[in-house]
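For reference, the structure is listed below as structure tokens.
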Amino acid sequence: MLFRSVILSNALLLPACAHDILSNLDLSLPIAANAESYTDCANAAWPPSNVGVELVPQPPDDQLRAMVDEVSAENIEATITKLVSFGTRHTLSTFNSSTRGINAARDWIASEMRKYAAESNGTMTVEVQSYVQSVASRIPFPVTISNVLAKATGSEDPNRVYVMTGHYDSRVTDVLNYESDAPGANDDASGTAIAMELARVLAKHQPKSTIILGAVAGEEQGLYGSTYLAQTLKNTSTNVEGMLNCDIVGSSTGDRGQKDPFTIRAFAQGPPPISAESSARAAQRLQIGGENDSPARELARFSAEVAANNATGMNVAIIYRLDRFLRGGDHTGFLQAGYPAIRYTEPNENFAHQHQDIRTENGTVYGDLIEFVDFDFTARVGKVNLATLWSLAQAPAMPRNVTIDATILDNNSRIKWIVSNKTDVASYEVVWRSTIASLWTHMLDVGKVGYVVLPLSKDNVIFGIRAVGTNGFKSPAVYPFPA
């Protein structure tokens, strides 16, 4: 283990307010869920300190901006149109047909993914991962469930993996009705189209770490495909450091006609599930006030920092919940497997266009029809996903063994971590915020060391440690537990 240390008494605190900096991004801001939520600096300034500087979000570099610009609303529209053309993509609709049902959709998705991979010079591969699901909840007879996975293998750290999925199965009102048309244009051809579009873009840009882009099945019947994928990765000891679930990301208009075209919600669970964290660690997390600093919430903060900007044209509204109220999604299986995972969903769902038989009643059109999809909005959500995934993959790995010394009773904070021996790590940053702030508000670069003493009380702020790459990309922060 390599430890180096630094002790700080004070440092320059910049007078600029994060609100003032971010307000120059010239975005429409129907909802603010980042530093722009603060009406003035005073809200972010307690406890007062002359340590560090106010945190400025990581800007996309020229390469990432160019990649984000490649995400095409026209391509996404064409993909959703094709997926809708299969009539139904119900998990049980395993018809012997090349034009209708989930198998036909699966084969087309795989064919398109392979076309993209052919442009990658061998850095992207495509796999159709299948298994037979026996009779279970919402599965009245054995059925083959298939996930289509495009893997962009990392050039420098291929064993560090990030996953993004959308589900390509669909449904109508009766979850067991696999005969009727179930277009599923928004739920979730929109997320599937984003996964496919990102595969197209990433085939031409090899990331430093591995990115898996998946179209998964069985979601509407009980998250079967994604859970199988998560367990397969866990069983092979795959180091998944983040998972993004795109589900119902195709409409900017709510059921009351309200429009919010520049915001995407990011749902992030608090304390990890009992399958992912020991009871002792869970009890300690609650004792020290770490319930808002789970790996999932650090991932959501990271996405808000790197993907809410004028390159994507979007804001990321973090929601402190596993999912919508009493609902679930394909990130759940990853969380249960111990992986950080979040869900993106449009800001205002229209339930007349979700899980509905196609019909018109009293002048209201029901059904998940393509006419209700906003392709420009969906493309912007794709840009958020791309900016998040690329920033994760290009950054160094998260710091390991991050601890805070609780043996000394004073108003300094002593934080320790293992210094990486990787040459892509330039330094480490301590980030912090008040206990009521959603996002990190302050930062201090302490160099390539493994120990720091700060004149800030651990009683008053929340700390995190993140790695800074030689390329300028920064990892998600890691919350320190008592040593």
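Just so it is clear, glycine is given a Cβ too, placed from its N, Cα and C backbone atoms.
Residue density at Asp187 (Zn(2+) 1 binding site): 28 other Cβ atoms are found within 10 A of its Cβ, drawing on all protein chains shown. According to Swiss-Prot, the Zn(2+) 1 binding site annotation covers His167, Asp187, Asp247.
Among the features that Swiss-Prot reports, Zn(2+) 2 binding site is placed at Asp187, Glu220. Here Glu220 (Zn(2+) 2 binding site) comes close to His90, Thr91, Arg138, His167, Asp169, Ser170, Arg171, Val175, His355: these same-chain residues lie at least six apart in sequence, with C-beta atoms under 8 angstroms from its C-beta.
The domain 'Fibronectin type-III' annotation in Swiss-Prot covers 396-483.
The secondary structure of Asn96 (N-linked glycosylation site), as reduced to three states from DSSP, is coil rather than helix or strand. All protein chains shown were included, and the count of other CB atoms within 10 Å of the CB of Asn96 (N-linked glycosylation site) stands at 8. Swiss-Prot lists Asn96 (among others) with the feature N-linked glycosylation site.
The N-linked glycosylation site annotation in Swiss-Prot covers Asn121 (among others) and rests on sequence analysis. Under the DSSP three-state reduction, Asn121 (N-linked glycosylation site) is assigned to coil, being neither helix nor strand.
Annotation source Swiss-Prot lists N-linked glycosylation site at Asn235 (among others). A C-beta separation below 8 Å, combined with a sequence spacing of at least six in one chain, links Asn235 (N-linked glycosylation site) to none of the other residues.
Annotation source Swiss-Prot lists N-linked glycosylation site at Asn310 (among others). Over all protein chains present, the Cβ of Asn310 (N-linked glycosylation site) has 13 other Cβ atoms lying within 10 Å.
Counting Cβ atoms from all protein chains shown, Asn362 (N-linked glycosylation site) has 4 others lying within 10 Å of its own Cβ. DSSP assigns Asn362 (N-linked glycosylation site) to coil in the three-state reduction, placing it in neither a helix nor a strand. Per Swiss-Prot, the feature N-linked glycosylation site maps to Asn362 (among others); the stated evidence is sequence analysis.
Neighbours of Asn401 (N-linked glycosylation site), defined as other CB atoms within 10 A of its CB across all chains, total 13. Taken from Swiss-Prot, the feature N-linked glycosylation site applies to Asn401 (among others), supported by sequence analysis.
Sequence-distant contacts of Asn411 (N-linked glycosylation site), defined by Cβ-Cβ distance under 8 angstroms and a gap of at least six in the same chain, are Pro455, Leu456, Ser457. Feature annotation from Swiss-Prot assigns N-linked glycosylation site to Asn411 (among others).
Residue environment of Asn421 (N-linked glycosylation site) contains 7 other Cβ atoms, counted within 10 Å of its Cβ in all protein chains. What Swiss-Prot lists as N-linked glycosylation site is Asn421 (among others).
Feature annotation from Swiss-Prot assigns signal peptide to 1-18; the stated evidence is sequence analysis.
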Residue pair Asn401 (N-linked glycosylation site), Asn421 (N-linked glycosylation site) - Cα distance, angstrom, rounded: 14
Beyond the site residues His167, Asp187, Asp247: chain residues whose C-beta lies within 8 Å of the centroid, for Zn(2+) 1: Gly166, Gly184, Asp188, Ser190, Gly191, Thr192, Glu219, Glu220, Cys246, Ile248, Gly329, Asp330
Spatial separation of Asn421 (N-linked glycosylation site) from Asn121 (N-linked glycosylation site) - C-alpha basis, Å: 30
Distant-in-sequence Cβ neighbours of Asp247 (Zn(2+) 1 binding site), under 8 Å, six or more positions away: Gly166, His167, Asp187, Asp188, Gly191, Glu219, Gly329, Asp330, Arg343, Tyr344, Thr345
Rounded distance in angstrom between the Cα atoms of Asn96 (N-linked glycosylation site) and Asn362 (N-linked glycosylation site): 37
Greatest C-beta neighbour count within 10 angstroms, which of the recorded positions Asn121, His167: His167
